[in-house]
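What follows is a set of notes on a single structure, which appears directly below.
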Amino acid sequence: MYSSLRNAFACLSLFVLVFALSVTGRPATFLEDFKITWSDSHIKQIDRGRAIQLILDRNSGCGFASKRQYLFGRVSMKIKLIPGDSAGTVTAFYMNSNTDTIRDELDFEFLGNRTGQPYTVQTNIYARGKGNREQRVNLWFDPAADFHTYTILWNHHHIVFYVDDMPVRVYKNNEAKGIPFPKLQPMGVYSTLWEADNWATRGGLEKIDWSKAPFYAYYKDFDIEGCPVPGPSNCASNPSNWWEGTTYQLLSPLEARKYKWVRMNHMIYDYCTDKSRFPVTPPECVAGF
């Protein structure tokens, strides 16, 4: 009997290990799932690698990326943005297929501000090489005072950008109406801190004040749950993945109310209504989010 129990426990342990390798979760440390891709002198590990500090100064910005790519799932990080006068800076958290021509990309870009002004978060979506789908929301809290969770949920039904538990952007899969949706190319997870004062704050009117440098952003609780590529070939098409479940195919009624509140009270730009750029409304805007 005890031998049978030991064998059963060993099989269960092996199953858990295989599942963990195919549907990855939160790493113990930054370097377990990520690597520095730009200016390693400007990224410092904190708390034995469970958090990091990104630095921007006159010499350089910096960036990091996941060691693997993923096809569908959920990615989230807790970020504390640059405090005070951060005008002209951009802190970005995004997924990218790293392909030259037919690029897929899901962007969070946090646009710095003058002291006392709200931080703006810009989202953008590239599908089969086409982007220019910017939306901007002014955050309703100070994202430099504490850590907040920023999440990208990507499944076969839609893409949802969350700030904490608030949906701020939804992009539905409307392929049946001829609208591109990223579903074929795996994407890596990236983040950068850089200077972009030619456009980031008030369209480039507000320049970076280098006397306030260095600028710091902080990250922790890196969480990737998705199908790694390379990995099990049937993972991405498996309807049993939790992120493909009924709960995640549509916003819940509570999430829908939160999303409406964000759009009504905090959205400051939507490409769908920008007739100067798009005299003809983009088809995904007509199809509905």
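Cβ atoms here come from the backbone N, Cα and C positions, even for glycine.
Residues or ranges marked as signal peptide in TrEMBL: 1-20.
According to TrEMBL, the feature domain 'GH16' maps to 21-219.
Taken from TrEMBL, the feature active site, nucleophile applies to Glu105.
Residues or ranges marked as active site, proton donor in TrEMBL: Glu109.
Look at TrEMBL and you will find Asn113 tagged as N-linked glycosylation site. Sequence-distant contacts (6 or more apart, same chain, Cβ under 8 Å) of Asn113 (N-linked glycosylation site) comprise Asp85, Ser86, Ala87, Tyr119, Thr120, Thr201.
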* **Other CB atoms within 10 A, centred on Glu105 (active site, nucleophile)** => 20
* **Overall pLDDT of the domain 'GH16' (21-219), taken as the mean** => 93
* When you measure from the Cβ of Glu109 (active site, proton donor), which residues in the chain that are at least 6 apart have a Cβ under 8 Å away? -> Val90, Thr91, Ala92, Tyr94, Val121, Gln122, Thr123, Asn124
